[in-house]
Amino acid sequence: MKFVDEAVIRVEAGDGGSGCVSFRREKYVPDGGPDGGDGGDGGSVYLQADESYNTLIDFQFERFHRAERGKNGRGRDCTGHGGEDLILTVPVGTRAIDEETQESLGDLTKHGQRMLVAKGGFHGLGNTRFKSSTNRAPRQKTLGTPGEVRSLKLELMLLADVGLLGMPNAGKSTFIRSVSRAKPKVADYPFTTLVPNLGVVNPRHGQSFVIADIPGLIEGAADGAGLGVQFLKHLERCRVLLHILDIDPIDGSDPVESARAIVAELEKHSPKLASKPRWLVINKTDLMLEDELKERVENIVKELEWEGDVYTISAYNREGTEALSLKLIDFIEALPPEEEIDKEAEVEFKWDNYHENANESLNENFEDDFDDDDDFDDDDYDVKVIYQR
């Protein structure tokens with residue numbers, strides 16, 4: 001299935017059902033009083049994370065989603081049925097952003113996690129609600145309020161512990177094949193990897209971590225060159241980054257300059273991403289003799305002024321990959337528990353406080369004094385609809 005990590009959709013919550021104006025009609029009860037019921041609340045729209053999904057492609061073909069409207073109230077104090085909520089299933093790691101305000105509604109990072117993105121309209125009130133000692137035959141009702149409408153931008157960011165960085169043909173896909181059962185395409189030309197790949201590494205029994213491979217970066221990637229820049233966001237949630245460096249590039253380029261270009265692109269794209277723990281992994285060591293290899297590695301580390309961890313591997317021959325995997329699992333296990341993603345400012349929905357405000361308004365204007373046998377005159381009042389802003 002095609003990998004799609006962005007989609008724009010429109011969600012519409014259901015309108016609230018309107019209240020009803022009705023009076024009790026029953027034999028031997030000449031003055032039955034009001035019995036109009038309230039309407040039902042409109043259905044809301046939710047996003048729910050499911051780990052069995054890994055793409056947003058479904059939302060490219062179906063962009064409009066609407067929840068059910070609440071039913072109107074009826075006589076005999078019958079309350080309208082509430083509209084059914086609409087639940088949209090998305091992959092774990094999805095972020096929802098309001099297109100108009102650009103505010104983040106939240107991230108779904110756990111299987112089964114649910115998030116409200118459009119709140120259903122509030123139900124209208126029937127004329128029973130307006131009965132008081134001074135208004136025994138109320139002909140007022142309120143209409144249901146409209147449901148919220150939002151344009152949402154959905155962004156999928158893969159959840160992985162380790163992310164791979166490097167120039168095209170540095171050997172990232174070969175490395176992920178050597179340490180996991182993932183089978184990304186490998187070939188001798190640049191940009192063989194076109195979409196991110198995930199692999200699960202099991203260095204020890206009962207211990208594992210997830211590794212992510214993205215398309216290679218080139219100079220100018222932060223400004224739109226190449227493919228990798230659009231996938232850099234998938235590394236934002238990684239705990240550690242592996243900078244894969246080809247020790248002997250086939251095109252004759254300088255590995256040191258390539259490494260510097262990658263670091264520069266990271267800093268341009270996201271200083272937060274550039275500040276993550278980053279290990280230098282020098283690949284394709286099988287192409288050099290041992291003496292020449294040692295000298296070349298020392299020169300690279302010296303020129304880069306690299307102060308972090310440095311590892312030499314041959315992903316093709318699986319030399320050094322197992323030891324590196326063990327180092328990674330030990331490092332990840334030693335890290336403190338991952339902090340929850342920073343919560344954005346609390347999102348306000350249209351009708352969050354409507355219920356409380358409506359009740360306060362009723363209490364101010366009417367006394368709560370009910371009598372089922374209050375007298376009323378059918379011709380005293382006309383039906384009055386109260387519109388709520």
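Keep in mind that glycine also has a Cβ here, set from the backbone N, Cα and C atoms.
Predicted, not measured: the structure shown is a model, and the values here were computed from it.
Cross-referencing 122-144, 352-374 with Swiss-Prot places the feature region 'Disordered' at 122-144.
Within 10 Å of the C-beta of GLY166 (GTP binding site) there are 24 other C-beta atoms, taking all protein chains into account. Taken residue by residue with DSSP, SER314 (GTP binding site) is part of a strand.
By the criterion of other Cβ atoms within 10 Å of the residue's own Cβ, the least surrounded of the binding-site residues LYS172, LYS284 is LYS284. Applying DSSP to the region 'Disordered' (122-144) sorts its residues as follows: 4 helix, 3 strand, 16 coil.
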